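Chemist: These came from TrEMBL, pasted as-is:
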{"type": "BINDING", "residues": "Cys38, Asp40, His96, Cys99", "note": "Zn(2+) binding site"}
Amino acid sequence: MTKLEEILRDNNEFVENKEYEKFSTSKKPNKKIVILSCMDTRLTSLLPSAMNIKNGDVKLIKNAGAVITHPFGSTMRSIIVSICEFDVDEVMVVGHYECGMCNENTDEMIEKIKEKGISEEVISTLENAGIDLRTWLHGFDSVEQSIKDTVKTIKNHPLIPSDIAVHGLAMNPATGKIDVIVNGYEDK
Ligand SMILES: [Zn+2]
């Protein structure tokens, strides 16, 4: 059975048994919060449970490292849409300790990209076009600093209303415990 077949089989069962009923909710987040977090697999169910978040409670955006790589990219746009279209009034950046994007060895990653069949020529064409792959692929050196930087990017964004609280939190990926890195109420 392929992965897709397995997923479709489980999905069919889910729908037939009406397991969706307990997830019924609206598009607007009950808690009026948007969370930007990391795609780390340890957080998939841990993060909502550790923050007591149920279906319909928040907007949840995830990427590698819980970062904003570009102030006019899709992550920042998702945050702005959450605020302007879905009544969100607080933003929580939830990074985590032992993040895979921390101290990422970009030379090694480029080697792995080549091992996957991408030619040296493609790499050098991109680099010649001015795309600094090493900088782009590099995550951050400190989780706490990255969280602070991401909070600052959101807080200082020209399209973010000044009364929006932006918090920076760091989660322990084993226990779910949260440390407050930036308290958004203190900087409104
Ligand atoms: Zn991570």
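Using N, Cα and C of the backbone, Cβ positions are placed for all residues, glycine too.
TrEMBL annotations: computationally assigned, not manually curated.
From a predicted model like this one, the values you see are computed outputs, not experimental measurements.
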Chemist: Looking at Cβ-Cβ distances, which residues of the chain lie under 8 angstroms from Cys38 (Zn(2+) binding site) while being 6 or more apart from it?
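Modeler: Once residues fewer than 6 apart are set aside, Cys38 (Zn(2+) binding site) is near Lys62, Asn63, Ala64, Gly65, Ala66, Val94, Gly95, His96, Cys99, Met101.
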Chemist: Relative to the mean position of the Cβ atoms of Cys38, Asp40, His96, Cys99, the recorded Zn(2+) site, which additional same-chain residues have Cβ within 8 Å?
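Modeler: For the Zn(2+) site the neighbour list reads Ser37, Met39, Arg42, Leu43, Gly65, Ala66, Gly95, Tyr97, Glu98, Gly100, Met101, Val143, Met171, Pro173.
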Chemist: For the binding-site residues listed here (Asp40, His96, Cys99), which one has the lowest count of neighbouring CB atoms within 10 Å of its own CB?
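Modeler: Output over binding-site residues Asp40, His96, Cys99: least Cβ neighbours within 10 Å is Asp40.
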